[in-house]
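Below: one structure, written as structure tokens.
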Amino acid sequence: MASSGVTRRDPLANKVAIVTASTDGIGLAIARRLAQDGAHVVISSRKQQNVDRAVAALQAEGLSVTGTVCHVGKAEDRERLVATALNLHGGIDILVSNAAVNPFFGKLMDVTEEVWDKILDINVKAMALMTKAVVPEMEKRGGGSVVIVASIAAFNPFSGLGPYNVSKTALVGLTKNLALELAAQNIRVNCLAPGLIKTSFSKALWEDKAQEENIIQKLRIRRLGKPEECAGIVSFLCSEDASYITGETVVVAGGAPSRL
């Protein structure tokens, strides 16, 4: 069927969205786009000053955004984040799980148990537990949408980032399993896998110009991505336009190889 050519505004009107790790980079861009598309957004970060700065900036743009401190690895922080959304807006329709850490660079055989625990706790376990925390609230609303932020490293691992790569591959599996289990509750679960997006989190991979150029030469689109180029995809996945999509991973990586 051909498009009518009519642009629909505010596809997320009056939806309530939680976005973790959303005061900078990809998370901030996602929070901004969801709010621009009509959602009431609750952002979070581990540091209060970062939350305050991001909330002030987004509210200055006329967007419905509030925020709270949340370390996703702490149960009490996850509970507070959910409670903030409920107290302010009465429910939760959307969760975007973006939090991740990467405290290690080197060979897999040199990774300590402590590093493995930290990466898997934050990058994988906390994602599952954050979803668990919001599902009962989504059920009360008749359904919802979860977007898990992984990485192209799930398919095409970065050298020296073994534990991080493994954690992101695990998120693709988590997405598929959550989608399978939550479909009956009308909760869709999808995954975003960004390539090398120019953010402070990925700075170690692009601050050296020679290294950046080497990466760019492997891309079909010969440049690094921008956070905003991830945000629209997430908004789409959370909207009714994606109502028949679940368990999928969308790669936003400039054409970099991205299959297992």
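Note: Cβ is positioned from N, Cα and C throughout, glycine not excepted.
Pulled from Swiss-Prot, these are the features on record:
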- TYR164: active site, proton acceptor (ACT_SITE)
- 18-42, LYS168: NADP(+) binding site (BINDING)
- SER151: substrate binding site (BINDING)
- LYS74: N6-succinyllysine (MOD_RES)
- LYS74: N6-acetyllysine (MOD_RES)
- LYS198: N6-acetyllysine (MOD_RES)
- LYS198: N6-succinyllysine (MOD_RES)
- SER202: phosphoserine (MOD_RES)
- LYS209: N6-succinyllysine (MOD_RES)
Quick note, VAL42 (NADP(+) binding site): same-chain residues at least 6 apart with CB under 8 Å of its CB -> VAL16, ALA17, ILE18, VAL19, VAL65, THR66, GLY67, THR68, LEU81, THR84, ALA85, LEU88, HIS89
The sparsest Cβ environment within 10 Å, among the modified residues LYS74, LYS198, is found at LYS74
DSSP output for VAL42 (NADP(+) binding site) maps to strand
CA pair SER151 (substrate binding site) / the residue listed as 'active site, proton acceptor', Å rounded to integer, equals 9
One should report the C-alpha separation between LYS209 (N6-succinyllysine) and LEU34 (NADP(+) binding site), rounded to whole angstrom, as 33
The recorded positions listed are ILE30, LEU34, TYR164; by CA-CA distance, the one closest to LYS198 (N6-acetyllysine) is ILE30
